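Participant: Below is the structure I would like to discuss, written out as structure tokens.
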Amino acid sequence: MAYSARLRKAVGAVRATLSAVELCDVQAPEFAQHGDHAVAADAPLVLVACSGGRDSMALAAVSHIVCTSMGVRCGAVIVDHGLQEGSEQVAGEAANRCRALGLGPVIVRNATVQARGEGLEAAARQARYNELCAAARESGAIAVLLAHTMDDQAETVLIGLLRSRGVDALAGMPQVFTRSGVTFARPLLTLTRAETTGICEDLGVEYWDDPTNGDAVDGELPNDYPLRSRVRHDLLPAIERFAGFNVARHFAESARLARMDKEYLDQRSDEVMGEAVTTVDWPASSAAVSTDTPRACAAGDTNDSSHGVGLMISVRRIAREPEAIRLRVIAHALSQAGVNASAAQIAAIDRLVVDWHGQGGVSLPRGYSANRKKHVIRVCQDGAHANR
């Protein structure tokens with residue numbers, strides 16, 4: 001069959017992404033030659049995360065075409081979150097459609113979603129990734145492909161700006177990332193939702209429309225719809241009407257540029273963190289703690305024997321860096337210790353570095369505090385040690 005322009009674009013995008021995760025290195029030599037070749041039963045496996053929607057069905061169809069041409073097995077994993085009536089049937093239909101396309105193995109997993117403080121959307125996402133990672137490990141897949149499009153990227157940028165700020169909010173979703181030891185990739189970030197819809201039409205692939213997307217709702221979506229659905233249905237179209245051009249493409253390109261900046265800042269911050277921050281588990285040695293160099297918090301520095309993570313940050317080392325790097329080092333170090341600090345708390349710790357005039361420490365979540373002693377900032381639980 002003759003491929004449409006959008007289908008050729010998708011094939012190229014998937015092939016380029018597989019190259020990015022070094023899948024081309026495992027291509028069987030005979031698949032570089034013209035002719036019909038059977039994919040070996042023990043060939044490397046790629047899984048497509050499939051919800052049954054238009055984006056993931058388009059990705060499943062295109063990935064099967066590309067993987068087959070490379071001598072790589074292409075399977076699918078469908079996660080049933082159990083949050084909607086009839087979700088089991090939707091998952092089963094998605095699995096059958098993937099099998100009809102030739103994908104195999106096709107894995108259906110049931111997720112347990114437990115919403116806590118982070119909300120239902122975040123809990124469902126965490127549960128989904130848990131199941132995707134488990135499926136990849138159990139099947140031996142070398143990568144899991146996700147069907148996020150350019151439109152999803154634009155929505156992610158807007159959601160990021162609503163919930164946070166700075167270059168991290170603008171950076172959107174990475175094309176390739178690792179989670180719990182599993183490689184994930186997003187081949188369709190350069191394609192629009194209209195193009196994935198068209199690809200399904202080109203290939204005669206049926207798909208399911210999630211009612212929580214609100215596509216059938218006239219007017220503004222109520223607040224009980226997921227935030228992403230409201231951004232997609234209401235906010236993005238309103239911005240496009242105001243701007244008079246395709247803002248999804250604009251936001252997606254901005255995300256690509258911001259991600260390059262973010263990756264450099266993260267790399268540089270990691271280098272500085274390795275030199276400036278020491279992380280230790282309690283209980284530590286009872287040896288005296290130097291106030292000039294970062295090292296373990298001593299057991300005598302705490303009022304109890306509880307186990308936790310302490311940080312020692314070298315003021316002399318971190319003070320030489322620009323503010324953008326200092327703030328990142330502090331944030332990453334706190335995150336490593338399991339402390340989810342606010343932007344205001346991170347900025348207050350930075351003032352202990354660059355605007356030190358004997359001020360008190362900074363109270364942090366989980367009973368942690370950050371206090372400066374000479375040329376070291378100590379981040380420990382209980383905080384009493386810092387005043388000795």
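Yeah, the Cβs are placed from backbone N, Cα and C, and that goes for glycine too.
Swiss-Prot feature annotations, pasted as is:
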- Ser51, Gly52, Gly53, Arg54, Asp55, Ser56: ATP binding site (BINDING)
Participant: Give me the non-local Cβ neighbours of Asp55 (ATP binding site): same chain, 6+ apart in sequence, Cβ-Cβ under 8 Å, ordered along the sequence.
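Facilitator: In sequence order, the residues whose Cβ lies under 8 Å from that of Asp55 (ATP binding site) (at least 6 apart) are Ala147, His148, Thr149, Asp152, Leu188, Arg193, Thr196.
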Participant: For the binding-site residues Ser51, Ser56, which one has its C-beta crowded by the most other C-beta atoms within 10 angstroms?
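Facilitator: Answer by Cβ density within 10 Å: Ser56.
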Participant: Taking only same-chain residues 6+ apart in sequence, whose CB is under 8 Å from that of Arg54 (ATP binding site), what do you get?
Facilitator: Arg193, Thr196, Thr197, Cys200, Tyr207, Asp209
Participant: Can you give me the residues near the recorded ATP site, meaning same chain, not Ser51, Gly52, Gly53, Arg54, Asp55, Ser56 themselves, Cβ no more than 8 Å from the center of the site's Cβ atoms?
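Facilitator: Output for this site, in sequence order: Cys50, Met57, Ala58, Ala94, Ala147, Tyr207, Trp208, Asp210.
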